[in-house]
Amino acid sequence: MATRGGPMVAGTDGNDFEFRQRVAGTYQISLLNKSRLKYCIFFHALLFFVMLAKLTSDILDHLDIFVLEIEELEVPPPLWWEYVWAASLLTSFLGLSAARGNKVREMQKYMVAILLFAILPLFYCFAYYFSDVWEFATLDKSVELDETDIFVWRGYPYGVFWYAFCFVGFQVHGFTLYFAYNLVKAWKARTATRKFQ
């Protein structure tokens, strides 16, 4: 061993450890994608709280709780897809447990659950409000919103709010599926290497 300021051991330049200190590529990919998947789940939770804020008036109505400030907002009643999408947050626990244990099957179930409970409701929302958004996008500047069939909330087209939500939701869930797929691929490659050896 070399001492500080002392002579170097003969036969080495101090770099002989580099080839032994590398982490295998599949482990690097797994670690990177686990971190990114957790960020996506965090953003999914943030979107859930946005949806929960929208659903609060309906939930309070079902519980027979009256809050004047919330009632004054006159939030439109929710559609079924909003509750289905809000329930998609529960799938995050499946994804987190799969990531913690490197479980391929559970991660695949998580991907299917995200597709069914998060992405499909967003597609429904996209199709449901398409006519309003298209009419708003092609509207002449001389025509007032109140003169059209476009559903308006607080002076703005309601469908445009949902399109903004869908835009962010598609990005979050798309990246979630991408990172989950990369994890499944890395874990399968690692188990295939173990079986081969």
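Glycine residues also receive a Cβ, built from the backbone N, Cα and C atoms like all the rest.
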I'm curious whether His62 and Lys188 share a membrane side according to Swiss-Prot, where sharing means carrying the same topological domain name.
no
In the same chain, which residue numbers or ranges, 6 or more beyond the ends of the topological domain 'Lumenal' (131-159), come under 8 angstroms Cβ to Cβ?
74-76
With helix taken as DSSP H, G or I, strand as E or B and everything else coil, how many residues of the topological domain 'Lumenal' (131-159) land in each class?
12 helix, 4 strand, 13 coil
